[in-house]
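Asker: As listed in TrEMBL for this protein:
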type: SITE; residues: B:ARG60; note: site 'Interaction with substrate rRNA'
type: SITE; residues: B:ASP62; note: site 'Stabilizes Arg-xx'
type: SITE; residues: B:ARG101; note: site 'Interaction with substrate rRNA'
type: SITE; residues: B:LYS104; note: site 'Interaction with substrate rRNA'
type: SITE; residues: B:ARG108; note: site 'Interaction with substrate rRNA'
type: BINDING; residues: B:GLY181, B:GLY186, B:ILE202, B:SER203, B:ASP204, B:ILE205, B:GLY206, B:LEU207; note: S-adenosyl-L-methionine binding site
There are 2 protein chains.
Amino acid sequence: MTTLIIAEAALETVPCEIINHPAVRNHARRLGLKPSETLLDRSYHHAAMSKLQDNGRRGRPDIVHFALMEALGTPLFLRGMLKVYVHTVNDRLITIADNLRIPKSYFRFEGLMVSLFRDKVIKSDEGRVLMEISDGTLADLVNAIRPSRVIGLSRTGIQGTAEKAVAENLADDGCCAFVVGGFPRGHFSESTTRLLNLTYSISDIGLEAHVVIARVLYECEKFLLEKGIHHEGDEKRRQVGT
Amino acid sequence: MTTLIIAEAALETVPCEIINHPAVRNHARRLGLKPSETLLDRSYHHAAMSKLQDNGRRGRPDIVHFALMEALGTPLFLRGMLKVYVHTVNDRLITIADNLRIPKSYFRFEGLMVSLFRDKVIKSDEGRVLMEISDGTLADLVNAIRPSRVIGLSRTGIQGTAEKAVAENLADDGCCAFVVGGFPRGHFSESTTRLLNLTYSISDIGLEAHVVIARVLYECEKFLLEKGIHHEGDEKRRQVGT
């Protein structure tokens with residue numbers, strides 16, 4: 001199984017230091033929520049965020065939204081051949097269920113994330129777990145999923161293409177974890193870098209996380225299709241002619 | 001120059017038939033706008049939209065937002081090798097300036113589109129035109145830009161890959177227009193189909209517009225790089241060592 005990890009993602013609820021800032025309180029009131037329940041979001045909290053440590057890498061839930069939209073819209077995910085996780089800047093781990101459809105409307109995505117941070121789990125009407133959040137570092141996640149290789153994508157990596165990053169690392173069974181940063185600027189932290197077997201820079205222009213994800217997952221799909229590897233579910237669908 | 005056209009896009013201001021619906025008025029009040037100035041958006045106007053003709057293909061500005069984010073984040077666009085246009089469901093044509101950075105926050109994108117529909121043009125602080133909207137059909141646009149080929153991407157097309165769609169149609173100088181639907185369901189209208197030299201279906205699973213765009217533009221980039229084609233500006237950047 002191929003794995004995508006969106007790491008150090010700029011996704012969190014408003015931290016207590018700025019909970020009483022007018023920008024935070026006004027936005028919470030508009031949403032009908034307590035300030036502590038709302039997502040930290042530079043679009044609304046720019047003025048309040050200047051007081052926060054490391055604020056240039058925080059408060060960008062839109063990056064996670066785009067990254068998830070990109071990953072969850074690929075045939076690789078739709079065919080059950082991709083696991084997706086989000087590791088946040090504050091060491092929370094979000095597990096995404098197979099076949100999850102993420103809301104395309106940012107307004108609905110925001111509501112979903114608010115519920116997730118509050119209730120720690122999102123279930124379907126039938127009780128199936130769709131998303132879960134728990135405390136844990138990226139190292140905890142890598143230890144739990146034990147991929148054969150952990151490959152970072154970052155401008156600090158060795159020069160290469162997405163095709164090369166995939167061909168050199170993806171096992172024939174698709175087993176490999178690709179790690180893409182979910183923050184607006186800067187590079188992976190030292191603790192993330194330590195977990196990576198290798199890091200590739202797939203463009204000489206800095207790319208948004210979602211563009212990197214689109215390219216790497218597309219190359220994974222091409223690589224696996226060329227090897228004639230399909231998921232069992234896919235095989236079953238073909239057999240029943242659907 | 002390669003061209004991307006997002007066609008029949010589900011982007012418009014609220015039409016007069018539903019301007020007095022409570023859902024429309026409430027949303028406009030929250031934004032501090034007249035109802036007629038707000039974007040038609042199924043996330044907020046679902047109840048009101050049932051009265052609208054062809055409503056299943058309207059009111060999805062988020063699709064245009066994702067599609068533009070995808071296209072404008074590619075090295076092809078960032079290097080000035082891609083022109084991007086949006087043709088809307090109501091025959092409006094939006095021209096996107098080279099090097100435009102689209103707001104990642106949906107809230108800011110919404111504000112930008114409201115201004116565009118109201119003022120017909122968005123300018124930078126220095127007076128440079130960033131986006132323009134005018135009345136016109138897709139045929140008007142194609143006649144104006146006169147691409148060597150006009151290629152549709154749709155599930156109704158001939159089976160192929162993004163690689164094939166590009167290799168078989170992109171001229172060595174990158175001249176070709178790719179047309180991707182900016183609507184949530186259904187296929188191109190007859191008037192769009194008539195303008196297409198050929199239509200490809202690049203996946204046996206239905207793909208979101210932004211996924212199709214990511215793949216086609218990535219393949220264009222690979223094709224042009226292989227041919228050693230760079231934009232002049234790129235050449236200049238290299239020469240001055242930036």
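Cβ atoms are placed via backbone N, Cα and C, with glycine included.
Whatever TrEMBL says is automated annotation, not expert-curated.
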Asker: Quick one: of the binding-site residues B:GLY181, B:GLY186, B:ILE202, B:GLY206, which have a CB under 8 A from chain A's CB atoms?
Answerer: none
Asker: By a simple count of other Cβ atoms within 10 Å, which of B:ASP62, B:ASP204, the recorded positions in the record, is least packed?
Answerer: B:ASP204
Asker: Need the DSSP three-state call for B:ILE205 (S-adenosyl-L-methionine binding site) to compare against my parser.
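Answerer: Looking at the DSSP assignment, B:ILE205 (S-adenosyl-L-methionine binding site) belongs to neither helix nor strand, so coil.
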Asker: Of B:GLY181, B:GLY186, B:GLY206, which of the binding-site residues has the most Cβ neighbours inside 10 Å?
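Answerer: Of B:GLY181, B:GLY186, B:GLY206, the one with the most crowded Cβ is B:GLY181.
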Asker: For B:GLY186 (S-adenosyl-L-methionine binding site), name the DSSP secondary structure in the helix/strand/coil scheme.
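Answerer: For B:GLY186 (S-adenosyl-L-methionine binding site) - judged by DSSP and reduced to three states - the answer is coil.
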Asker: What count of other C-beta atoms do you get within 10 angstroms of the C-beta of B:SER203 (S-adenosyl-L-methionine binding site), across all chains shown?
Answerer: 20
Asker: If you measure B:ILE202 (S-adenosyl-L-methionine binding site) to B:ARG108 (site 'Interaction with substrate rRNA') at Cα, how many Å is it?
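Answerer: Distance (Cα to Cα, whole Å): 32 Å.
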Asker: Is B:ASP62 (site 'Stabilizes Arg-xx') helix, strand or coil when read with DSSP?
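Answerer: Note: B:ASP62 (site 'Stabilizes Arg-xx') is helical by DSSP.
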Asker: Reported as an integer number of Å, what is the Cα distance between B:SER203 (S-adenosyl-L-methionine binding site) and B:ARG101 (site 'Interaction with substrate rRNA')?
Answerer: 29
Asker: Taking only the Cα atoms, work out how far B:LYS104 (site 'Interaction with substrate rRNA') lies from B:GLY186 (S-adenosyl-L-methionine binding site), in Å, as a whole number.
Answerer: 27
Asker: What's the number of neighbouring CB atoms sitting within 10 A of the CB on B:ARG101 (site 'Interaction with substrate rRNA')?
Answerer: 9
Asker: Let's check the environment of B:ARG60 (site 'Interaction with substrate rRNA'): how many other CB atoms sit within 10 Å of its CB?
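Answerer: Taking every protein chain into account, the count is 26.
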